[in-house]
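Engineer: Annotation comment: TrEMBL describes 30-513 as domain 'Major facilitator superfamily (MFS) profile'. Per TrEMBL, the feature transmembrane segment maps to 25-51, 106-125, 170-199, 219-238, 354-372, 378-397, 409-428, 448-468, 489-508.
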Amino acid sequence: VKDTAAMAGEQLQVLSALDAAKTQWYHFTAIIVAGMGFFTDAYDLFCISLVTKLLGRIYYHVEGAPKPGTLPPNVSAAVNGVAFCGTLSGQLFFGWLGDKLGRKRVYGMTLMLMVIASVASGLSFGDTPKSVIATLCFFRFWLGFGIGGDYPLSATIMSEYANKKTRGAFIAAVFAMQGFGILVGGAVAILLSASFKAAFPAPPYEDNPIGSTVPQADFMWRMVLMFGAFPAALTYYWRMKMPETARYTALVAKDAKQAAKDMSKVLQVELEVEEEKVIGKRNADHQFGLFSKQFLRRHGLHLVGTTTTWFLLDIAFYSQNLFQKDIFSAIGWIPPPQTMNALQEVYKISRAQTLIALCSTVPGYWFTVFFIDRIGRFAIQLMGFFFMTVFMFAIAIPYDHWTRKDNRIGFVVIYSLTFFFANFGPNATTFVVPAEIFPARLRSTCHGISAASGKAGAIVGAFGFLYAAQPKDPAKRDAGYPAGIGVRYSLIMLGCVNFLGMLFTLLVPESKGKSLEEMSKENAEEEE
């Protein structure tokens with residue numbers, strides 16, 4: 001028995017080979033193939049805000065109203081919220097399935113689901129507002145479900161493929177594919193709205209309410225939504241060719257032979273097979289489950305840390321959509337809706353959002369990729385939450401000062417910095433850390449739980465604050481919403497949320513430069 005325990009103490013050669021591997025071409029293909037879900041996720045989230053504006057004009061036009069039609073609060077919440085609910089369920093379900101069946105087998109399913117649902121969300125049955133919105137919501141739920149599955153699987157696959165020196169950068173790079181999704185979404189929306197606008201000129205809303213929305217605009221939003229399926233469909237073939245990760249094969253499926261075979265293909269080196277060591281592992285392996293006392297003792301606080309930080313971050317992160325429209329109108333990037341026709345509005349909004357993304361969101365991701373293995377996850381997360389807290393308060397406390405015309409540039413700079421530090425900060429690290437600190441057979445489940453907790457935060461951020469931010473003055477409120485506490489108090493609350501995030505970050509361990517087995521103590525002997 002003594003031998004087996006000693007053997008379990010060493011790491012399998014396959015795994016140490018992966019840990020020590022130089023950065024190779026397969027790492028980069030893995031980033032692109034694994035990042036496709038995030039590409040689709042960001043693309044879809046970006047585009048839906050444009051689409052809802054257009055849907056309001058097409059399907060909710062009110063005769064004789066001074067302003068163009070908008071989606072009623074419940075409809076708007078449904079269109080946006082149903083995808084979040086789908087994502088949350090997908091994260092839990094596929095996270096669990098990824099540990100049950102293996103990462104690879106589940107990986108093709110999530111992608112197919114995303115492709116089919118993306119295409120279907122552009123095809124609606126019937127032409128009444130009700131039927132269009134109902135089918136859109138139905139397929140957006142399933143799109144979310146597929147995207148949700150991609151969260152735990154992509155993170156786990158990438159962390160299990162990567163070497164220990166640059167693992168953080170690789171997982172963060174998968175997440176940074178969101179940046180490309182945003183930019184491609186922006187580009188597609190700008191190109192389509194510009195070409196439709198040129199082909200079908202229309203007067204602004206105030207001159208001709210009906211004529212300002214050309215019938216062809218109904219095709220435009222469908223094309224934008226359906227285009228999201230293309231990049232994902234293209235990577236399906238490579239996803240199917242990726243072998244199962246060695247860590248799953250060796251540590252969960254207990255087949256070292258297969259693991260060595262798969263990885264010698266990937267790493268292009270000969271790895272000898274170590275049957276006997278795995279047998280040793282089999283005996284010494286601690287098979288505690290998610291709900292066991294042992295898990296609670298070893299990883300309980302870690303799981304609390306990863307779920308709460310992700311929850312708190314997403315409240316702040318997804319509340320940004322609330323302020324975006326105020327900000328753009330404040331800077332004068334987007335004129336009042338009644339002065340534009342429908343396609344013009346889509347063009348102007350997508351241009352503004354792409355600009356903000358280009359300047360603050362996207363660089364934040366790549367800063368994380370660059371620094372995460374140098375200064376570590378913990379430092380980035382703590383620093384990110386700290387600056388988010390500072391900047392939120394800097395906007396909130398002198399809020400009236402920022403709303404004046406002369407100060408609006410300062411307002412935009414601080415606003416951009418808040419979201420730069422979200423991405424060069426907790427938005428990226430909360431995704432990386434859960435993929436590194438849990439044992440292999442629970443890794444994708446725990447990542448799914450953390451991610452789902454984040455999506456719950458997103459729901460609070462996107463809807464709770466949508467209602468909270470409504471001003472007391474009925475004239476200034478969005479049509480159909482009850483009175484809230486106003487933007488300023490909402491921002492103060494968000495500042496406090498970020499501060500809490502900073503505190504809960506203290507529960508999360510640093511995984512920089514350590515092997516996955518060292519983090520989860522999988523090759524340590526059972527401590528009695």
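Cβ atoms here come from the backbone N, Cα and C positions, even for glycine.
Please treat TrEMBL annotations as automatic predictions, because they have not gone through curation.
Source: prediction; values computed, not measured.
I'd like these features described in context: how deep, what's nearby, how far apart.
Structural biologist: Taking Cβ pairs closer than 8 Å, the transmembrane segment (25-51) reaches residues 79-80, 83, 87, 110-111, 114, 118, 140, 143, 146-147, 149-151, 153-154, 157-158, 161-162, 166, 170, 173-182, 184-186, 188-189, 221, 224-225, 228-229, 231-232, 235, 238-239, 242, 266-267, 321, 324, 346, 349-350, 353, 357 in its own chain, all 6 or more past its ends.
Residues 36-37, 40, 44, 90, 94, 97-98, 131-132, 135-136, 139-140, 142-143, 145-147, 149-150, 153, 157, 221-223, 225-226, 228-229, 232-233, 235-236, 239-240, 242 of the same chain lie 6+ residues outside the transmembrane segment (106-125) yet bring a C-beta within less than 8 angstroms of a C-beta in it.
Within the chain, the transmembrane segment (354-372) has long-range Cβ neighbours (under 8 A, six or more residues past its boundaries) at 46, 168-169, 172-173, 175-176, 178-179, 182-183, 186-187, 190, 324, 333, 380, 416-417, 419-425, 427-429, 432, 512.
Beyond the transmembrane segment (378-397), the same-chain residues lying 6 or more positions past its ends with a Cβ under 8 Å from any Cβ of the stretch are 309, 313, 316, 368, 371-372, 411, 414-415, 417-418, 421-422, 424-430, 433, 488-489, 491-492, 494-495, 498-499, 501-502, 505, 508-510.
Same-chain residues lying 6+ beyond the ends of the transmembrane segment (489-508) with a Cβ under 8 Å from its Cβ atoms: 301-302, 304-306, 308-309, 312-313, 315-316, 319, 322, 377-378, 381-382, 385-386, 388-389, 392-393, 395-397, 399, 426, 433, 437, 465, 468-469.
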